[in-house]
Amino acid sequence: MKLIVGLGNPGKQYVQTRHNIGFIAIDKLLSYLNTELKVDSKLQAAYTKTKIEGEDVIIAKPLTYMNLSGDAVTKLMNFYKIDVEDILVILDDTALPLGKIRIRQTGSHGGQNGLKDIINKLGTKDFKRLRIGIGEHAHMDKVDYVLGKFSTNELNTILPTIEYVNDAIIEWISTNNFNNIMTKYNTPQTL
């Protein structure tokens, strides 16, 4: 069984913000799969259990704020007895150019507080992550930038990237070969 978690902040005020790119990716995946999330306050997540290419998959969004994302990830992992190496976290990255992705099997939190909390709560950094570039914040406070909404032009760049992310997720689940996914999808994509 796999666990795919998109990071973001709950609440209408955060819809379409840069920090919520993980939620945006999950919404697109759910639309593709024609399924919806259900809220489970005990697990601190909105999630669904579905099948992709015959594999059981949990797709989730934490109900907590970004900085406490580890609570939901840990609870889902323990409840469904999911191995840490079968977890994929989708998140924003200000160090990547807008619309570029980076897929890794392990690594640091890179200053991303949601990822930092997951690493702390799981007690390991050895889980998969898919970072989506939201660009730099050179002329803005970082917090204001990540909590700011995408412009129309930025959305036009991001939406094809989300399709690319879905392709990577589906291929990972169908092949169970993450090394090939990293090789194929980490190369610069033309959108």
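Including glycine, each Cβ sits where the backbone N, Cα and C put it.
According to Swiss-Prot, Tyr65, Asn67, Asn113 bind tRNA; the candidate from Tyr14, Tyr164, Tyr185 that the record adds to this site is Tyr14. Close to the recorded tRNA site, the chain also has Asn9, His19, Thr64, Met66, Leu68, Ser69, Gly114: residues not among Tyr14, Tyr65, Asn67, Asn113 whose Cβ is within 8 Å of the site's Cβ mean position.
Across the structure, Asn113 (tRNA binding site) and His19 (active site, proton acceptor) place their CA atoms 11 angstrom apart. Of all the recorded positions in the record (His19, Tyr65, Asn67, Asp92), the one with the smallest CA separation from Asn9 (site 'Discriminates between blocked and unblocked aminoacyl-tRNA') is Tyr65. According to DSSP, Asp92 (site 'Stabilizes the basic form of H active site to accept a proton') is assigned to a strand segment. In this structure, the CA atom of Tyr14 (tRNA binding site) is 14 Å away from the CA atom of Asp92 (site 'Stabilizes the basic form of H active site to accept a proton'). If you measure from the Cα atom of Tyr65 (tRNA binding site) to that of Asp92 (site 'Stabilizes the basic form of H active site to accept a proton'), you get 14 Å.
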